[in-house]
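Participant: Please read through the structure below; I'll follow up with questions.
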Amino acid sequence: MKVGVLWLISFFTFTDGHGGFLGKNDGIKTKKELIVNKKKHLGPVEEYQLLLQVTYRDSKEKRDLRNFLKLLKPPLLWSHGLIRIIRAKATTDCNSLNGVLQCTCEDSYTWFPPSCLDPQNCYLHTAGALPSCECHLNNLSQSVNFCERTKIWGTFKINERFTNDLLNSSSAIYSKYANGIEIQLKKAYERIQGFESVQVTQFRNGSIVAGYEVVGSSSASELLSAIEHVAEKAKTALHKLFPLEDGSFRVFGKAQCNDIVFGFGSKDDEYTLPCSSGYRGNITAKCESSGWQVIRETCVLSLLEELNKNFSMIVGNATEAAVSSFVQNLSVIIRQNPSTTVGNLASVVSILSNISSLSLASHFRVSNSTMEDVISIADNILNSASVTNWTVLLREEKYASSRLLETLENISTLVPPTALPLNFSRKFIDWKGIPVNKSQLKRGYSYQIKMCPQNTSIPIRGRVLIGSDQFQRSLPETIISMASLTLGNILPVSKNGNAQVNGPVISTVIQNYSINEVFLFFSKIESNLSQPHCVFWDFSHLQWNDAGCHLVNETQDIVTCQCTHLTSFSILMSPFVPSTIFPVVKWITYVGLGISIGSLILCLIIEALFWKQIKKSQTSHTRRICMVNIALSLLIADVWFIVGATVDTTVNPSGVCTAAVFFTHFFYLSLFFWMLMLGILLAYRIILVFHHMAQHLMMAVGFCLGYGCPLIISVITIAVTQPSNTYKRKDVCWLNWSNGSKPLLAFVVPALAIVAVNFVVVLLVLTKLWRPTVGERLSRDDKATIIRVGKSLLILTPLLGLTWGFGIGTIVDSQNLAWHVIFALLNAFQGFFILCFGILLDSKLRQLLFNKLSALSSWKQTEKQNSSDLSAKPKFSKPFNPLQNKGHYAFSHTGDSSDNIMLTQFVSNE
């Protein structure tokens, strides 16, 4: 028969005089220190609580132990000094059988959830008469919590200035406040049945928030009720010493949170502490159902903070050597002080980001030793133990992890080919860089990693494979790859659904090159998860994106993905196009662009054919100039868009992508500014009836507005953002949106502002036309022109406005499929809309075109008839007669009025 082991946990309280054998031992908890009469003792008397674990074999030995505790009576004299046991109690009774430990509380002691032995590995049973704590012995941690006396907690606020000395229990000011509070509360509570002691446990900031703990032998409900009954007495006693804040005094019987750092607290309490020595900042915790949870933390190593300040001193005259030395100093500090506090994480990410931006702007190169220092720094802050602190940081800086990833990629691109190959394999990050040579033409590129997650020996593998067919053009200089398991835990996951990153995050950077197909292989971290999605981190929208990536194969442990380069018209406002509708959007884009370009060319041909017939009044001439430039601007913009769509979206050695962005931006702006010129013309001819601006002056205004303003905006945009590499997106050839400067606003704001202005102009003009002021009468020709302008503007402006309005929708709600389809549809067919509503809507142009086509048709028919008549008659059957056309007259009339015609008639008087 196997006998279980039993324990009786006993609680002793000693007082030790000067020179006592207990001394100052860290293993013994000092409860409080009192100054006593020096005549009786040579020094202060200290009170200790001693917790003893005593083993017994059966119930008889247990009874003997209980009786022994009862026989212990003060004072006891020891040879090392005067020791007095003031109380001795059994607290917890435990028995162990077959590896399972079960404990119950002794008389007047109880469990204080979640203090049941080891809260993580034990379960508190409350259904029985005596609540018991049950757990497996092999799971217990080194420190466990046993049954305690009944405790009641209380807090109140003192209207005095808080000082950091109140956080130090050894300081004089702490002792002053604590001793005064304990004396007054003890007087108020000493007559309560079961009351044993009261002790100040903490002071918090917020005036001075004092927390105290009352210990008693009665039940929690009885002790709490008694303390509440004498609450007024306690407040009056405290008010004699301190100015209390009204309504701040409260007591509660259950501490939701209680630990050695933040003390006790009830639900939703917040407690702020200064950081420990050597750090600057504060740490704030909130009491939640699971205990104290850190919600804010700014603890930055003092050395790091100083280093961050020193960085600004080298920016003005920075050199590669200075930057390299700075990174080396940062690496040394991190290596000597590896603590990954939230403040340290934020500070390191900020420093690395600043180094990256400075190096990119100054075109610095990064040596192999500097790159090794960067990877060592990254390995430290990507420690899997720091994930909890990353979670806290991401509450304040949501995209700090994205910023880190982008920074590491940018710094990696600064390593010259001559410093490669390099390979840094650390515990939490792997980095590899190679120079590209002609062997890539034959064998392609492969990058493989093997990393072990925390608390497991099973490796997680990953692989990047680029086929040799992707290197058939001029070769890139370098290929950089890196991988990390921790990044998958800290990069934000979309709020939609409960997805999680289930593999390593792998990054491959090929500068100045275009890759159209890449295969990726991932080991699953958790093989039981299903329905994998192949995604990439979208730096433009700061989220996971599946555009251009799809699942190739899935086994129980391995997922294979394929990613390709995709471009659609929808990138003008949003680079994210859901993969489910991408073929539709792409088809709409290119078919629509073909029709649009053809329509615009037709617009220009029609204008060229009938330019002289239409050019009569100043208003008509100016309108034609505007329409021609609108068509021309959109035509060139569409061509440049196609150029941008055919080059690599990330880089191009000749700068074609940057040029495409600039000219697309410029000519799309020109389109809108020429529309604004149309609006101004319309308002001018209606409102200022008797004012006539000179033709050359009106043209000067038109061309300055139509091309001058767009040129200024475009040049300023590229001049401000290109040096910091924030001008264009990394994934598509278009203006950037994700960075702080947001150069895309340099297009969106003017375009939408012009659309809004033109709507207002149309409304004003329509009102003026319906109710003209007395004396304001236009000529018939000018009024017809104005009506034509109004029709064109009224239809053309809403179409263009809606187009870019739906584009804004693709940014705000990138997951909405309707935004992308409508946006692509309206944008792709803009040229066709201009042909219909800007050219064919004009009745004069329509009539001229009809006449031209009719004349051509009649001429062909006449030629055919004459040819038929000649073939029916014999040769020379009629003598030559120079007057054979007598009686036949050809009438042709051309005019400049609205009823212009070109008509050919044949009549006979015979």
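In case you wondered, yes, glycine gets a Cβ from its N, Cα and C as well.
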Participant: Compare the topological domain names that Swiss-Prot gives for VAL366 and for GLN695, and report whether both residues sit on the same side of the membrane.
Facilitator: no
Participant: Checking feature assignment: region 'GPS' per Swiss-Prot, candidates 304-349, 350-395, 534-579, 764-809. Which range matches?
Facilitator: 534-579
Participant: Based on the record in Swiss-Prot, give the one of CYS257, CYS275, CYS299 in a disulfide bond with CYS287.
Facilitator: CYS257
Participant: Which of these links to CYS657 by a disulfide bond in Swiss-Prot: CYS603, CYS709, CYS733, CYS836?
Facilitator: CYS733
Participant: Which of the listed residues, ASN282, ASN866, has Swiss-Prot annotated as N-linked glycosylation site?
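Facilitator: Of ASN282, ASN866, Swiss-Prot lists ASN282 as: N-linked glycosylation site.
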Participant: Could you check what DSSP calls ASN389 (N-linked glycosylation site) once collapsed to helix, strand or coil?
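Facilitator: In three-state terms, ASN389 (N-linked glycosylation site) counts as helix.
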Participant: To the nearest Å, how far is the Cα of ASN329 (N-linked glycosylation site) from the Cα of CYS287 (disulfide bond)?
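Facilitator: With distance taken Cα to Cα, CYS287 (disulfide bond) is 39 Å from ASN329 (N-linked glycosylation site).
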Participant: May I ask you to report the DSSP-based helix, strand or coil state of CYS549 (disulfide bond)?
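Facilitator: Going by the DSSP assignment, CYS549 (disulfide bond) falls within a strand, counted as strand.
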Participant: If I restrict to non-local contacts, at least six residues apart, and a C-beta distance under 8 angstroms, what lies near ASN354 (N-linked glycosylation site) in its own chain?
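Facilitator: Counting only residues 6 or more apart in sequence, the Cβ neighbours of ASN354 (N-linked glycosylation site) under 8 Å are PHE311.
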Participant: So which of 584-609, 622-646, 659-684, 743-767, 817-842 has the most C-beta pairs under 8 Å when paired with the transmembrane segment (697-719)?
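Facilitator: Most contacts with the transmembrane segment (697-719): 659-684.
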Participant: Filter the recorded positions ASN168, ASN205, ASN282, CYS287, CYS299, ASN310 down to the ones within 10 angstroms of CYS534 (disulfide bond), Cα to Cα, kept in sequence order.
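Facilitator: None, since no candidate lies within 10 Å.
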Participant: Cβ distance under 8 Å to ASN282 (N-linked glycosylation site), same chain, sequence separation 6 or more: which residues?
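Facilitator: In sequence order, THR272, LEU273, PRO274, CYS275, ARG296, GLU297, THR298, CYS299 meet the Cβ cut-off.
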Participant: Taking the Cα atoms as reference points, how far is ASN317 (N-linked glycosylation site) from ASN310 (N-linked glycosylation site) in Å?
Facilitator: 13
Participant: For the disulfide-bonded residues CYS257, CYS561, CYS563, CYS657, work out the Cβ neighbour count at 10 Å and name the residue with the minimum.
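Facilitator: If we count Cβ atoms within 10 Å for the disulfide-bonded residues CYS257, CYS561, CYS563, CYS657, the smallest count is at CYS563.
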